[in-house]
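The block underneath contains the structure these notes are about, expressed in structure tokens.
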Ligand SMILES: Nc1ncnc2c1ncn2[C@@H]1O[C@H](COP(=O)(O)OP(=O)(O)OP(=O)(O)O)[C@@H](O)[C@H]1O
Ligand SMILES: Nc1ncnc2c1ncn2[C@@H]1O[C@H](COP(=O)(O)OP(=O)(O)OP(=O)(O)O)[C@@H](O)[C@H]1O
Ligand SMILES: [Mg+2]
Ligand SMILES: [Mg+2]
């Protein structure tokens, strides 16, 4: 079980002269799930297409079950790679019914009619669509189409499944059910999966490893906990919305926000005037009375998030319009002034850097 | 400003003999944003299409700016309704460049070339795509296509914009930026918007009113806070994932889970043996040592959510496999036994009912 | 202006029109096609006809139009030298063609002299017949020969591999190229024209006789340009007009005009009883078709 | 803004309806009336139905109908066999010289069928060119049903080629690629996905081919008679060319043809409305043609072979005849020369005038039928109007009408004395005839293309403020343009050489290329006619080439 089911080596792809993937290395052991996270247009779909055999790499190799399938002048066509895939745009065949779409991979595996029908219905039941088996996919809602695409990808129980944002158009309840379904399927069948998503909780729930992609490169590849506990850079921390990244300057005794002189937080030792970035996550902050606090701010916005309110606090100290987020069980009033206390051992420090957005 | 910009009255739509919308009443004052939430296939897109004039209602009326635009033998074609729309499937025109797609609504308004170019670039800048203006939409990633669709919907600054899951394929960072962009646009221009989404935080951030749709009907229409504080039914509470809905039975002194006899929670007075449902949200639970607790359970799963870990706790008491969620700043170990304490005044009680899934 | 509908060679009507316009200053608009197409057009236009002068390739149409009362009686002063059988109260022939055997001397077959020669083994599979259903003259030839000696000749031809091949020109082309040796009943002037151009083709009029196809010209009684129409008829029958007709290798209808080819008086013309023949047309065509396995 | 009553009439639909009434309904109605009232030509409604029994009682009718069906199905089947593989290569792969092959495949349409057939006869008959060059002939094959099907297929298969290649190009390779991910081999993916998805184009073009084959006169007349193979059109032609003219009989027989093609139409309609073929949707996927790799040479060879048979062989026969001093002289050096060409160039006024008339008519007919075809197809496929089925039926009526019958219908319609103005006896009547005869081409092509378009593309345009006509012009028309352009080129090619209807309705004094050529044949000047045919084919081929290159990038869509 240590053999890698899917791996790539220095995989590159150019569209014309524009490089889209600039050297991707992944190695996914059998039975593992890799989640791909990354900003829009960073090359996630392209990577999946390369693995599926829908594109040939400009450079580098792809191995599937220790067999070289692309690169070095070799190119194994998609049908020989034995994959399942959920396409980002679904790519349902308009001329086949829902059942026809879902049954196709089984037909290709020469599975008899009776068995096929049974498995099609089973797959449709997993995505809660068995009642629409005879519809044309054009007469389905967006979310229903997406679920047909999922059913089609898993119906033949391929060893490797590529999911390209498979749940993006589903409501949250269904999404959670589907995540559960997929997780149990992956576990039961020992599937290896690559899972592109924009939903971190989905990624962290399903994946054994998470790859953060950025501009055609993998910025960090780690287990979910590790990613949250130890993001490799401020950029990744920001991308994962783990909290606010603030620029700090070393004072004589501690660290101050921006150009402010008074201490705001404790941190690593460094020469006076040294700059660094710090990740301040909502749970490294505690609200307190504004009078006693070293840090104060006004409530700028309040959002409801999952199970608590998240308040954006515009910090008064320092000159760089810093906004921190704090979680709270009760809704704060807009404009309300509050004090903030930083729990210093929850902070993560990064060396200062120029660019911000990942 | 009390005039309703968009309203519908007993709006119904059947596909063939299947009713899809069964009587929708909404009334949206100018400058307001209505978020539509609802399970996949419940009719959200259909409602937008009716408002846009892409479908004629089977029954009922649609008013736009106090003018009857559909119903009673009247039907105003879409181009006369002056809307913008983000289609769920983007509906980009493959033969036009990105700029051509975005500029189309301006062309239809006979806006001169120079002005048009300026506004196209501005709209593209809002969605961070100005560098791709000359690409063909077929050569974009899914998320980039979606952003083109957004730019096209807002470029002409129509008074009313319909958004059909406009951010579903964007990464979280971009999504939050875009929500901010849209919110400021809506505020600045006084737009009236209907916003279909599966992301509650998006809905609650943007919307003045939220409508929960279910099977072609509006189950609840309320302001975001109200929806969270006072969901109209257990079904809605479950759909919104506000917590776990548990079946309770009245004991002599309080309420017990399922068929258990000992008290687990305080609640409204009722005859002995009476049944009810209760919503237990993560913040109505507190972890405590298992020895002293009336309620104990084992950690079944842990997810990372936004800013905290959410643990699923399989409750030991009661026979009905109850799973409660509890938020925690630290990751709990799977299988760990913990005690739970219920903060009774955070509970919401509903009369017992049969069906569960919304 | 005068509008002429004509079956027959385009070059002929072009030259006649040009000559007439030059002489009289009257413009001629013409429509030229096969007899069938010309008639179909007149038939379709019947509600609002525009034709003044009609020149057909089949005398039969003239008879029929006269019977329908569509023709304007007119006898041209120039028609004096036209034999009686080529004119009537309403109609006068512009020129005459005859049917003949068109034979390719390069075909390696002996020169035929008689219709019956073409049923000989030397001509096995080498004879074309124009379709009597499509060519009025061929029909008359078939009817006349049948009246003379029954279907035997045609049965022999069919047994010898003779083939029915479309209208006149279609039947001739394979003979020119050598696929066939002879046409049984070719329209003479087309073959003469070919010969003039250097094609290897001989036109043979069998001694036993052949049929002629006079080309009747007539004025329609609905014509609004009757004087011009009459002038046109006069011109066609004038020396100049008849010379143009002779130059296309048709026989001029006036007996006093010379031509570079055998004339009516040189030919043995089979007598036919038009009325009876046309009355039995459908039967004749059906028997013919049966013989040739159509 | 003034609200309108429910679902206001879409102006595109209205335009289509008006156009169809003028171009199709009027002549067709008169043909039906003519079938019923034998005396209609004389403006009398006497003796209705009197010819029906006699015409339908014809003993040969059943056999002729059977033969007609056989011919139509045979030609359609063989066309599909030849055209589909070529179309697939052309649309999914980068075939070297694709545009040149396309233009060359247009040439068969520019060769009048009777000339092409004559070319084949002169090539394959005993002592024909084949014999003169290689010492054998193929006469038994040529003068048989197989020969007829072969020759007619070579004249019609490009209809299928263009339609299917455009359809598959719109489908792209994406759907097949997806099938391959799910385990289908390349071949399986083609059979199960690409081919079914190209059904709209395939079915539509096969319908066109079927209709063209059953209404074509020249080839079955020239080749079929010897094989004892007569079809309905030869019967129809006999009735209009044999005195006494039997217009009602011809009309009745053509209605049988219409019924046959209507049957084919119903099958086609069932095929393309049974399922959805909307492959062009709002999430565009760019599609790049693949390289042929080591298949390049074989594929080019196949293209070359087909083009040689369909285009070069008849052209060479035409050229050989045009260069021959005499037919009987054969292909010897001494018999060859440019005499026929010199004759044409020395007295070129008539020819030039005919040429410009035909080119003008061809272009106008292509534009008009293109527009009307696109509008009607839109009305039928995309509008939700009630009665659009009727429009669809209207567009196929002229499909199987022989040109000569259309011509009769037009004369009957437009030569009524009470009409204040009439196109009759002007060039307009030719235009009407061409539009009526050729309208089915753009309609079928556009219908197929519309079936591939997702509904939301138009919906989006409307929402963003485009009126129905603007949405049609800016969004739908460009999206179906590749198909439409191909069909308009077909219309152009056919209209510039249409003979059968032209002969009958051409205004007095006006010649088209085809009537000009035909008159040369009539006089026995085969060589002269062939020379003229050759020249006009060259010119009509150059014309679209020039237009397409002027159109730049959009022209290369072809
Ligand atoms: N053409 C059609 N014929 C029949 N039923 C249809 C058709 N189009 C949509 N439906 C059905 O109508 C219902 C509502 O569809 P709609 O697209 O409005 O759903 P939705 O709420 O937008 O869902 P989603 O969140 O998945 O996009 C669905 O159950 C769908 O299956
Ligand atoms: N045909 C093409 N030609 C040129 N560039 C392309 C083409 N297709 C995609 N791209 C570019 O390649 C990049 C990667 O695209 P890809 O679809 O892999 O992104 P992605 O990570 O899946 O994004 P998303 O989350 O938006 O789906 C994008 O910036 C896109 O613009
Ligand atoms: Mg993607
Ligand atoms: Mg939807």
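First residue shown is number 1, and so on along the chain.
Glycine is no exception: its Cβ is also placed from the backbone N, Cα and C atoms.
What TrEMBL records for D:65-268, D:355-547 is domain 'ABC transmembrane type-1'. Sequence annotations record features per position, and here TrEMBL assigns transmembrane segment to D:12-37, D:69-88, D:100-121, D:141-164, D:189-214, D:247-267, D:299-323, D:359-381, D:393-415, D:475-493, D:499-518, D:530-551.
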Considering only the recorded stretches D:100-121, D:189-214, D:247-267, D:499-518, D:530-551, state which has the highest number of Cβ pairs under 8 Å to the transmembrane segment (D:299-323).
D:100-121
Hey, which bits of the same chain come close to the transmembrane segment (D:475-493), Cβ under 8 Å, at least six residues off its ends?
106-107, 109-110, 158-159, 162-163, 166-167, 169-170, 201, 280, 362-363, 365-367, 369-370, 373-374, 377-378, 382, 434, 438, 441-442, 444-446, 448-450, 453, 457-458, 460-461, 466, 540, 543-544, 554-555, 557-558
Selection from D:100-121, D:141-164, D:359-381, D:393-415, D:499-518, the stretch that has most Cβ pairs under 8 A to the transmembrane segment (D:530-551):
D:100-121
So if I exclude everything within five residues of the ends of the transmembrane segment (D:141-164), which remaining residues of that chain have a CB under 8 angstroms from its CBs? That is, six or more out.
70-71, 74-75, 78-80, 82-84, 86-88, 90-91, 102, 105-106, 108-109, 111, 113, 116-117, 120-121, 124-125, 198, 201-202, 204-206, 208-209, 212-213, 216, 219-220, 223-224, 226-227, 229, 309-310, 314, 441, 444-445, 448, 483, 486-487, 489-490
For the transmembrane segment (D:247-267), which stretch among D:69-88, D:359-381, D:393-415, D:499-518 has the most Cβ pairs under 8 A?
D:393-415
For the transmembrane segment (D:100-121) against the transmembrane segment (D:393-415), do we get 3 or more Cβ-Cβ pairs below 8 Å once near-sequence pairs (under 6 apart) are dropped?
no
Excluding the flanking five residues on each side, which residues at least 6 beyond the ends of the transmembrane segment (D:69-88) place their CB within less than 8 Å of a CB in that stretch?
145, 148-150, 152-153, 156-165, 168, 190, 194-195, 202, 205-206, 209-214, 220, 231, 260, 264, 302-303, 306
